[in-house]
Amino acid sequence: MSQSHFFAHLSRLKLINRWPLMRNVRTENVSEHSLQVAMVAHALAAIKNRKFNGNVNAERIALLAMYHDASEVLTGDLPTPVKYFNSQIAQEYKAIEKIAQQKLVDMVPEELRDIFAALIDEHQCSEEERLLVKQADALCAYLKCLEELSAGNNEFLLAKSRLEKTLESRRSEEMDYFMQVFVPSFQLSLDEISQDSPL
């Protein structure tokens, strides 16, 4: 039985900081971001199913979200202004991501490869699944902006404005629900969110 470096690589996602060109009150790494995106994507899928007659596999959505940035362990987290500087750079970076995704999949033992390929290779998910993960990814970036702004860091003002436009372009009923029900709390203090739930 041969050894695989797959999970040793994924473990290093915690060493890759997001928002590298911006001053952060608290740094965020790709590993913790992936967990938050998985939780939010799962919630969006559950909301879609329960409230808006959707029929998506919420658990699969959570897993897709958990692995959505896995290739960054090989590529690093390219800052958004660089990644989308022009269409040629965006296209080339997509090609690099695809190569990195395949390299990760190839690290998995052959008898398990199809399971992980279905989670890491973004071309193996449906458009509906992809959109839910993209919504969750943008929502989590937006929540990071709210947290930084609430801590007095105006460095995130323009990012918040840009992400509001992104969220508007990806708008859905489940996202509207999430924004109305869950997002306002991110601008409150610990005391404020704990008032109604004493231990």
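Note that Cβ sites are derived from N, Cα and C of the backbone, with glycine treated the same way.
Values in this document were obtained by computation on a predicted structure and should not be read as measured data.
Within His33, His42, the residue that Swiss-Prot lists together with Arg18, Trp19, Asp69, Asp77, Leu78, Pro79, Thr80, Asp137 for binding substrate is His33. Maximum C-alpha to C-alpha distance over the listed substrate-binding residues Arg18, Trp19, His33, Asp69, Asp77, Leu78, Pro79, Thr80, Asp137 is 15 Å.
Other C-beta atoms found within 10 angstroms of the C-beta of His68 (divalent metal cation binding site) number 24, with every protein chain shown included. Cβ neighbours within 10 Å of Arg18 (substrate binding site), excluding its own Cβ and spanning all shown chains: 20.
The secondary structure of Pro79 (substrate binding site), as reduced to three states from DSSP, is coil rather than helix or strand.
Residue counts of the domain 'HD' (30-142) by helix, strand and coil are 90 helix, 0 strand, 23 coil (DSSP-based). Neighbouring residues of the recorded divalent metal cation site, listed in sequence order and excluding His33, His68, Asp69, Asp137, comprise Val30, Ser34, Val37, Ala65, Val133, Cys140 (Cβ within 8 Å of the Cβ centroid).
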